[in-house]
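Undergrad: If you scroll down you'll find the structure; I have some questions about it.
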Amino acid sequence: MSKRKLNRRQKWRIEKIQQERAARVSKKDQEIDQQLNAGDLGAEQEGLIIAHYGRQVDVESLAGEQAGKIHRCYMRANIDTLVTGDKVVWRPGPDNDGVVVARLKRNNDLVRPDTRGQLKPVAANIDYIVIVFAPEPYAHANLIDRYIVAAENTGIEPVLLLNKTDLLNEDNTPRLIEMAERYQEIGYKVLTASTKDHDGLDLLKSLLDDNVSVFVGQSGVGKSSLVNALMPGINIKVGELSEQTRKGMHTTTTAMLFHLSDGGDLIDSPGIREFGLWHMEERDVAEGFREFDGLLGGCKFRDCRHRQEPGCALRDALEEGQISPERMESYHRIVESLNEL
Ligand SMILES: Nc1nc2c(ncn2[C@@H]2O[C@H](COP(=O)(O)OP(=O)(O)OP(=O)(O)O)[C@@H](O)[C@H]2O)c(=O)[nH]1
Ligand SMILES: [Zn+2]
């Protein structure tokens, strides 16, 4: 058969398709290529997002000669939002720059509402949400339960950390020990620490080692002090983050991933520290109480509020001692607070 000859119409169609393709290479990608001198880009490799700045991200090389080096990278236009903790495929550029070409699958993410109330991820691939509480400021069990519920809803394991153990005394100890034991009975790990007299830091370090964690908890429980103790030299100013947050200046400050001196990573930002204190749905609250597992749906009435209703599976469990009165009370208080928001 003779060589296929394109008629004018076919030629025109092919040209049109090519033009469309070219147009699809977005303006943004062209800009990136110009900026990076695309010919100089290195081979694709895996990296870790350690910070996010508007249109750019800091990517740390995970393997090869470059392992541990940080490149300020652009993102290809077709990439979904990237957050700190994301694993990506990227190509290094010549000047500690580069371009992210794909995002790898996330194990989980931590979300918070944006200004329009829509939930947006702020960090990804986290192993532990460490809920910090202390003798001072006063540790409200209800607030701790709220953090736990929020953590349970992300699928990330919450761990409780009683900090400032140097402040334990005859008055506050019995209550805090009782609280700690209650959480242990439900199945949560409870650690203790003091940055003042270096209590418990080794156990904490071994938990954090090889994992990615975040610290949450009310202002003043000692999160910055813990970060400083775990990363000598980093010097997050104690009390500084909250002060900036109060002024409303830095609430959107990027989440940063830090490598701890003795292993493991920590992701920290003012936004992450406020984790769990925003609106949630009533059903999410019930599902956030681990000891309710297997009981929800067992009530006589489908719309049971678990108060005075007959045949309530949760109230039966409460009477049999499977659910503690404090946690039941906490559940109701959190549900009531939802209507106040
Ligand atoms: N006694 C005692 N005080 C501590 C300890 N750790 C921190 N503090 C003090 O508690 C106060 C609050 O500590 P921060 O580390 O700023 O608390 P934070 O949780 O980071 O607070 P935000 O930045 O507001 O979230 C400071 O005055 C610290 O010196 C501790 O182990 N023992
Ligand atoms: Zn019920």
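Quick reminder: no glycine exception, Cβ is built from N, Cα and C everywhere.
Pasting the relevant annotations from TrEMBL:
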DOMAIN    116-275  domain 'CP-type G'
DOMAIN    124-273  domain 'EngC GTPase'
BINDING   ASN163, LYS164, THR165, ASP166, GLY217, GLN218, SER219, GLY220, VAL221, GLY222, LYS223, SER224, SER225  GTP binding site
BINDING   CYS299, CYS304, HIS306, CYS312  Zn(2+) binding site
Undergrad: Taking Cα atoms as reference points, which of the binding-site residues CYS299, CYS304, HIS306, CYS312 is nearest to LYS223 (GTP binding site)?
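TA: Comparing Cα positions, the candidate nearest LYS223 (GTP binding site) turns out to be HIS306.
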Undergrad: Under 8 Å Cβ to Cβ from HIS306 (Zn(2+) binding site), same chain, six or more residues apart: give me those in sequence order, or none if nothing qualifies.
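TA: The list for HIS306 (Zn(2+) binding site) reads CYS299, CYS312, LEU314, ARG315, MET328, TYR331, HIS332, given in order along the sequence.
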Undergrad: Please go through the binding-site residues THR165, LYS223, SER225, CYS312 one by one and keep those whose C-beta falls under 6 A from any atom of ligand 2; give the result in sequence order.
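TA: Among THR165, LYS223, SER225, CYS312, near ligand 2: CYS312.
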Undergrad: Does any of SER219, VAL221, LYS223, SER225, HIS306 have a Cβ within less than 6 Å of an atom of ligand 1? These are the binding-site residues; tell me which, or none.
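TA: What lies within reach of ligand 1, judged by Cβ under 6 Å, is SER219, VAL221, LYS223, SER225.
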Undergrad: Calculate the per-residue pLDDT averaged over the domain 'CP-type G' (116-275) and state the result as an integer.
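TA: Summing pLDDT over the domain 'CP-type G' (116-275) and dividing by its length gives 88.
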Undergrad: According to DSSP, which kind of secondary structure is THR165 (GTP binding site) found in, if we only use helix, strand and coil?
TA: helix
Undergrad: Taking every protein chain shown into account, which of the binding-site residues ASN163, SER219, SER225 has the largest tally of Cβ atoms within 10 Å of its Cβ?
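TA: Of the binding-site residues ASN163, SER219, SER225, the highest Cβ count within 10 Å belongs to ASN163.
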